[in-house]
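What TrEMBL says about this one:
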type: TRANSMEM; residues: 12-33; note: transmembrane segment
type: TRANSMEM; residues: 45-71; note: transmembrane segment
type: TRANSMEM; residues: 83-103; note: transmembrane segment
type: TRANSMEM; residues: 110-130; note: transmembrane segment
type: TRANSMEM; residues: 176-196; note: transmembrane segment
type: TRANSMEM; residues: 217-241; note: transmembrane segment
type: TRANSMEM; residues: 261-282; note: transmembrane segment
type: TRANSMEM; residues: 294-314; note: transmembrane segment
Amino acid sequence: MPDQLIYAMEVILNGLMAGVLYALVALGFVLIYKASGIFNYAQGVMALFAAMTLVGIMNGQVPFAHLINAIFGGHITHFGWNIPALLAIILTMGVMVLLAWAVQHFVMRHLVGQEPIILFMATIGLAYFLEGVADLMWGSEIKTLDVGLPQGINLWIDETTYNIFGYGFFIDNLDIVATIIAALLVAALVAFSQYTKQGRAMRAVADDHQAALSVGISLNFIWVMVWSVAGFVALVAGIMWGTKSGVQFSLSLIALKALPVLMLGGFTSIPGAIVGGLIIGVGEKLFEFAVGPLVGGATENWFAYVLALIFLVFRPQGLFGEKIIERV
């Protein structure tokens with residue numbers, strides 16, 4: 001088998017793995033949009049906030065340590081103990097549920113029935129607020145995240161050569177873990193949305209807030225539930241991205257890469273988020289492989305957005321989105 005073909009196959013495999021990580025972030029957008037019709041600009045910052053909170057809890061870091069020391073003149077930074085990863089994840093999920101309740105109680109319930117642009121602007125404000133709170137709570141330095149996944153040769157983290165059809169392919173094992181987790185998440189979320197009472201209520205709320213209220217659906221409960229699930233998805237995405245590249249404030253920018261994924265897959269389709277992520281992941285890797293050397297490289301920075309623009313022109317609802325028909 002020619003070396004170029006082997007390398008191209010490796011590029012495709014790595015593109016699929018990268019696409020899964022994009023899709024994990026896009027899932028959070030889809031969940032909130034399906035339930036409320038809100039495009040949650042803060043989803044990327046939620047992943048950052050969850051990852052930073054997880055690291056802070058695991059390391060026994062004192063929240064708001066810099067602020068406390070500045071006010072009281074102390075030098076305390078840590079409690080002096082470390083929290084096991086599993087317990088820290090559970091505690092972080094509790095924080096994300098509390099955040100979901102706060103968002104609903106202090107922001108969203110006051111905006112019922114407002115225009116979509118008003119709700120979108122509210123999520124922009126929420127994004128900057130969460131980013132500031134994360135900085136005050138945990139500091140702005142880059143943090144290493146290790147949740148205890150096995151490391152070493154032939155295990156789940158390091159790059160290991162897998163022999164396929166007699167040829168070696170370098171695949172990051174963390175991406176394999178992300179693929180498995182994403183598949184399980186999608187299956188669970190689709191089942192929840194289609195076959196549970198709460199899932200059907202979620203879709204009803206997305207169609208019409210006032211009509212859902214009139215038939216006895218608790219808007220407050222549905223929104224807290226959906227923001228909590230989106231917070232869990234953000235936590236999973238934050239763990240994967242944070243383990244891969246460190247927990248840093250640039251992590252919030254992964255939301256920008258999720259936008260083309262949503263435009264391809266559709267804003268209301270959970271499977272579409274996965275398919276869109278895979279298309280973007282493979283497409284940008286192949287384009288960089290085939291065209292990058294001819295144009296000076298760095299095509300991964302803009303390929304996804306050009307592809308999304310093409311979709312907006314010819315199929316604005318995405319591959320799996322529903323075409324909106326308005327009667328006049």
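Indices start at 1 and increase along the chain as displayed.
Just so it is clear, glycine is given a Cβ too, placed from its N, Cα and C backbone atoms.
As a quick check, the transmembrane segment (83-103) and the transmembrane segment (217-241) clear the bar of 3 or more Cβ pairs under 8 A, pairs 6 or more apart, so the two touch. Outside the transmembrane segment (261-282) by six or more residues, the chain places 12, 15-27, 29-31, 33-34, 39, 182, 186, 189-190, 193, 206, 304, 307-308, 311-312, 317-322 with a CB less than 8 A from a CB of the stretch.
Where the transmembrane segment (176-196) meets the stretches 12-33, 45-71, 110-130, the count of C-beta pairs under 8 angstroms peaks at 12-33. Non-local neighbours of the transmembrane segment (110-130) in the same chain are 36-42, 44-46, 48-49, 99, 103, 209-210, 219, 252; each lies 6+ residues outside the stretch with a CB under 8 Å from one of its CB atoms.
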